[in-house]
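*Asks:* Before anything else, here's the structure in question.
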């Protein structure tokens, strides 16, 4: 019989994309998830495929030098009895010269870009056809995939959702900032694959690297290292924390990962300037979601950076409450990392589930600036010896802070101070714009028997096991919010829980600060030499912080750190209280005009009132939203915005996708930066 000749074929990108939940990555390329069948159609010339006469087989290959032994090349024939543990091809239906074939990868296949080759043979004659490329992703819907997540709402949030909220501010004033993850936007998938192909492990041994891409633990570690550029690798982001960002973008200005990843690719894989922790975490979250691993950004308040691993953060204060830099150990107001969901077959049972990955360059792990994946369960249980980097994350949420007061003669006195580290660990709730507190997944309740057991297992002492009720107590309170452009009051509140009168010295010092704990100049000070405290009474001492004092040195982080120092003359005891005050930016108002429908023009009216006493110059609005705007829309205002006047503009856009989306706005100017706002928009589907 005549040779079987392939005339045309169709990879059915659109249909497969719908079934594999990758349709938003575009219909131009075939993107499928592992372990799930996908269909292609073949059209032969002159005659159809005859079973028993013709043989059909496929080759799939990934990586630069595919070989069967490393799992990067497979040869498999069309058969009626496929094996689930390997690649398979089955005839689905035949209609004359048209043949539908269902292909399926094993659920533990390597992810990445594959080429697909068809081999036909009749008798001794054979031909081979390169019928295209496809990309294989992790599959959170497949029970045999190591990233399998059972709950559909969680899969929708942690794999499919292209926008989210990242928690910032301080533990007493938690704020949320919108973020456009945009993992399905044009070009993002190829950029994420390029990131895997520029990682040093790939460059050292391409075959070995590609053969390990079936393991999300390996991928997570690679991504965690590649998002920062601290290893002379071609990492995505350069970190900077010194408030000098003129030669790049301020970390506060970004509102999404798409812009950052595109810049990285367009500038030949040079690091993008600049990132801080939430930017590193958000970009890593985009890459992991894009590759199919369920991921979320989490924020830890009062996060310890313990450089010497003793789980004690020593801070030194002068007698007037000024911080002295003697220790590299820091307490960050907040610190963000990523959690990715995966099985850990490399560890004993019980450590599957959320894994902490921290792409912010802080400490080296196995010689590289990356951190994790560390099973959150192991952090909670104090299993410090498991892979990877558990002691570092354990310290971030559990270290003790000790404040030492250094007297003029150089002697040091340890102060009394309640436990502060690892509070309100937060992430966006599933399917809602509210905060989910996940502190309990990282630690047992403070002071509980279980907490003591964990510290004993980790061979660590927990020094501050709660402060007794008796004695003197000191805390700092804020009456109302602190708004940018306004003066505000903070109060040192002293409780005398004893039956005697105490006479004390009280010092209050306010300084502008950055979120990583470094402080700037003073913007408020009070020194009261003799405060008398009546028995069983409460005293409240105000400190007024003036806008004219803090405006010059307020960083883009908008923090003011207030330190109170109380010295009891009778006993010599010193009490310290510290509070990070977040200075609130004005609200961005967003109005949507028109009926929100797919492929129909909408107008957004965006405005903000200048709360400062001086005009704002060089005002810029940046707007973006996955599925809503075509990339980033930038509007520069020509005129300065006078005090109490309104900056506003109108944006026309045509939403491409139906469903719930976030329109996100960032506002920049010379005196007010990184102001964020967003609006949820529900886009109705186009009528058929």
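Every residue gets a Cβ built from N, Cα and C, even glycine.
According to TrEMBL:
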type	residues	note
ACT_SITE	277	active site
ACT_SITE	335	active site
ACT_SITE	358	active site
BINDING	398, 400, 446, 451	Ca(2+) binding site
DOMAIN	269-361	domain 'Transglutaminase-like'
*Asks:* How does the domain 'Transglutaminase-like' (269-361) divide up by DSSP, counting helix, then strand, then coil residues?
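*Replies:* The breakdown for the domain 'Transglutaminase-like' (269-361) reads 15 helix, 42 strand, 36 coil.
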*Asks:* Counting only other Cβ atoms and using a 10 Å cut-off, which of the recorded positions 358, 400 scores lowest?
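*Replies:* Ranked by other Cβ atoms within 10 Å, the recorded positions 358, 400 bottom out at 400.
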*Asks:* Between the active-site residues 277, 335, 358, which lies closest to residue 446 (Ca(2+) binding site), Cα to Cα?
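*Replies:* Ranked by Cα distance from residue 446 (Ca(2+) binding site), first place goes to 335.
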*Asks:* Nearest to residue 400 (Ca(2+) binding site) by Cα, among 277, 335, 358 (active-site residues)?
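*Replies:* Result: the closest of the active-site residues to residue 400 (Ca(2+) binding site) is 335.
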*Asks:* List the Cα distance (Å, whole number) between residue 277 (active site) and residue 398 (Ca(2+) binding site).
*Replies:* 19
*Asks:* Could you state the CA-to-CA distance between residue 335 (active site) and residue 358 (active site) to the nearest Å?
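*Replies:* Approximately 10 Å lies between the Cα of residue 335 (active site) and that of residue 358 (active site).
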*Asks:* Along the domain 'Transglutaminase-like' (269-361), what average pLDDT does this model show?
*Replies:* 88
*Asks:* What is the Cβ neighbour count of residue 398 (Ca(2+) binding site) at a 10 Å cut-off, with all protein chains included?
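*Replies:* The answer is 25.
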*Asks:* What's the CA-CA gap between residue 358 (active site) and residue 398 (Ca(2+) binding site) in angstrom, rounded?
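*Replies:* Distance between the two Cα atoms comes out at 17 Å.
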*Asks:* For residue 446 (Ca(2+) binding site), just count the other CB atoms lying within 10 A of its CB, please.
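*Replies:* Taking every protein chain into account, the count is 16.
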